[in-house]
Amino acid sequence: MSYTSRLTKAIIDLDALVKNYQYIASLSSNSNTIAVIKADAYGHNASKVAQALSTEVNILAVAFIDEALALRADGINTKVLVLEGPLKETDIELALDNNFALMLHSDYQLGWLKSISPEFSGDIWLKVDTGMNRLGFQVEQVDHVMSQLSAVQISNLVLCSHYATADQIDCIRPSKQLEKLKALVAKYGCKFSMANSAGILNWPESHGHYNRLGLALYGASPIGKSPKTRALIPAMTLQANIIAIHTVKIGESVGYGNNWQAQRDTMLATVAIGYADGYPRNAKSGTPVYINGALAPLVGRVSMDMITVDITDLIHTKIGDTVELWGKNLNIDIVAQNSDTINYELLTRVSKRVPKTFVN
């Protein structure tokens, strides 16, 4: 058993995950809502999340087949969709053996699939590039791809695409992308999947046979501040503790580079968390943390293992007090905005040296 005296931890509320899933699924009751748990469930622990959702979800999604195999090794038997599909020819046989659905996005993957036909009889998702210009067959290639797939005994074929700007409600591009995909769906009579978290919230017309729920599952908003996301509950609370308190005089600087100077005699708290834990190094002075029911500003640069915050106005603060970096009392979006990044990145880069505690 490993030992640590540091109290830094990420608290994962599994009941919040279930409630978030139920809420988002209720917005598209005619769709099968897939829980996307790639990147270790956005930093929340994929196996624990899969177990918590086992009575709610009948399809999980991951990026790579090794993530899917890890779920099987942990006893997760739910069907798994591999979003980037086979990256080796042997991945196709692994998919058949383990009840994985595979996304095909390129000719080389199609060739691998045909090479084991007619033995293949699994689920195939066909990724179509409708405007993201990152991954997928071009619309004009789909006729050829479908003719090639006719030789393969597929149990379920789904046409899939991915929004580039689903978070932008006043943008015309999502409608154009959906129009392209729906034209193919009408032509081939296939099931389809277009909506990610932002698509589910902003574009109800994109709700397909399958929706792919990622970020919103974890209680973070993919569309910024919106009435539609008020019901979401942050599943992760990142905490650390104050390990030192001292005072600097007006004009004195704090931290590497001397890039913050005290404008008054200032009481500082040093908190045991830093960029090696996943707290963003580019968080600006003024980024809030939550201590004993109040907000306090970060001052100076984030170090590898520590940050400093101004607690001058929090006179009852003491060594050992808990500091919330983001979570139920401090929206992760505020930290992301102060760090010139996005909530997705903050969640997924919490490092392995931060223990996770699971509640509810």
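Cβ from N, Cα, C; glycine included.
Taken verbatim from TrEMBL:
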ACT_SITE  K38  active site, proton acceptor
ACT_SITE  Y256  active site, proton acceptor
BINDING   R134, M304  substrate binding site
DOMAIN    235-359  domain 'Alanine racemase C-terminal'
MOD_RES   K38  N6-(pyridoxal phosphate)lysine
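Structural mapping of features recorded in TrEMBL.
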residue	record	DSSP class
K38	active site, proton acceptor	helix
R134	substrate binding site	coil
Y256	active site, proton acceptor	helix
M304	substrate binding site	coil
Cβ neighbour count within 10 Å of R134 (substrate binding site):
10
Below 8 Å Cβ to Cβ and six or more residues apart, same chain only. Which residues does that give for Y256 (active site, proton acceptor)?
G300, R301, S303
Mind giving me a neighbour count for K38 (active site, proton acceptor)? Other Cβ atoms within 10 Å of its Cβ, every protein chain shown.
19
Who sits close to M304 (substrate binding site): which same-chain residues at least 6 apart have their Cβ under 8 Å from its Cβ?
G274, Y275, A276
Just to be sure I understand, if DSSP states are collapsed into helix, strand and coil, how many residues of the domain 'Alanine racemase C-terminal' (235-359) fall in each?
19 helix, 44 strand, 62 coil
In whole Å, how far does the CA atom of R134 (substrate binding site) lie from that of K38 (active site, proton acceptor)?
18
